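I have placed the structure first, in the form of structure tokens, so that the comments after it can refer back to it.
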Amino acid sequence: MARQGRCSASLVVLASTLLVITISLHFKTTQAANFTVGDTSGWTFNTQSWADGKKFKVGDMLIFNYDPSLHDVATVDASSYDGCATSPNSTIYTSGKDTVKLKKGQNYFICSIPSHCDWGLKLAVNASS
């Protein structure tokens with residue numbers, strides 16, 4: 001009987017350990033990721049293709065690094081993105097080191113400085129659940 005008790009206790013410890021490892025791996029894979037827009041170049045002209053091939057999830061953070069005397073970052077809707085204009089619903093960031101959390105679906109960003117968006121300073125990112 002004593003042997004059976006030790007074996008059962010060992011199985012409980014093993015099962016508990018596996019459960020903790022499984023939960024830890026799950027949380028590790030569901031944590032939000034940070035992406036620096038434009039990588040080392042930062043938020044600047046010709047960053048539209050920066051997102052190509054990257055997989056974004058809801059809650060991931062986009063980090064916009066730029067010279068605030070030259071650019072800003074505005075979150076916009078699809079029509080504002082296409083028209084390169086902000087709306088009253090736009091949020092405009094101006095610190096030069098801005099972090100924006102992605103929401104589900106398309107997320108649109110432009111520079112609101114006149115002509116910058118028209119010259120390609122815009123980004124569309126799709127975040128899945």
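Positions of Cβ are set from backbone N, Cα and C atoms, glycine also.
What you see is a predicted model, and the numbers here were worked out from it, not measured in a lab.
Here TrEMBL flags 1-32 as signal peptide.
Feature annotation from TrEMBL assigns domain 'Phytocyanin' to 33-129. Averaged across the domain 'Phytocyanin' (33-129), pLDDT for the predicted model comes to 96.
Residue counts for the domain 'Phytocyanin' (33-129) by DSSP state, with H, G and I taken as helix and E and B as strand, are 13 helix, 35 strand, 49 coil.
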